[in-house]
Amino acid sequence: MAKAIVTGAAGFIGSTLSDTLLEQGKDVIGIDCFTDYYERSTKEKNLESSKTCENFSFLELDLAEADLSDAFSGVDVVYHLAAQPGVRYSWENFDVYLKNNIKATQRVLEAAKESGSRVIFSSSSSVYGDAELPLTEDTKARPVSPYGASKLACEHLCRIYSESFKVPTVSLRYFTVYGPRQRPDMAINIFTHKILAGEPIKIYGSGEQTRDFTYVQDIVDGTIAAGESSLSNDILNIGGGSQIMLNDLVSKIEKALGKEAKIEKEESQRGDMKHTKASLEKAKKDLGYEPKISIDEGIKRYTDWVVSNG
């Protein structure tokens, strides 16, 4: 039976990935250190379904500091999703990104070098910055935030360990992930809860900025496909296949909830990309990846989940 590690297993994407791997009959070791970026209780709740499976074990440890050799022994694939998120937070707290993103990733790669494990790294569309669309894997990476820079540095570490030590690595550039268990600081989560509560939502800038929104199960399916592939020292986009304006996103949430939003306009935020849209040609060719959940279906699923779970 295949054995996998999921770092960041108590997070939004990591917990969904763990659940899916367990459903497929894999042995899964979840790792998380419960950073204080948002409530520990939320992350504990994310873990509940995985913890009901007897082939799931959990380690609470700090990747940047702990000895990882025992945990990584006999592991086929490490899905390295643990990271410090947040574009705006990264301007004033970069030491956290150095530790939890860059140092932690180097430690994961070092442990994988010794264990012979594949490493699938969760990168971000934030590495691109504002570039010509669609964004291909060959587009020059010019991040516009410290967060994006930290993710790009991790990609280079993956490349270095592949080239120097033959560690099989694949970096996946995720595009604006959303869905059940979404982090509380993310736009779709904030918009949904504030509209339900009758509170105003803030739109930064004109609202004409666009994003390639990707439903979490599509992200998970692409991530597992990369883990089960023979790719090495590679980079792929994993996106949702559509591009919509922020103003249109709000309209879709309003429609799904049957409630009108109260909107307050604010100045654009430093480090926010203006537009994103992934080219998925490489992911389709190399992984057979195609997103299955449209933005309308995904928003409906997410808002239904919020209403059911509070």
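Note that Cβ sites are derived from N, Cα and C of the backbone, with glycine treated the same way.
What TrEMBL records for 246-283 is coiled coil. Same-chain residues lying 6+ beyond the ends of the coiled coil (246-283) with a Cβ under 8 Å from its Cβ atoms: 87-88, 90-91, 125-126, 128-130, 133-137, 144-148, 173, 175-176, 187-188, 191-192, 194-196, 198-205, 207-213, 222, 236-240, 289-291, 295-296, 299-300, 303-304, 307.
Residues annotated as domain 'NAD-dependent epimerase/dehydratase' in TrEMBL: 5-239.
Confidence for the domain 'NAD-dependent epimerase/dehydratase' (5-239), expressed as mean pLDDT, is 98.
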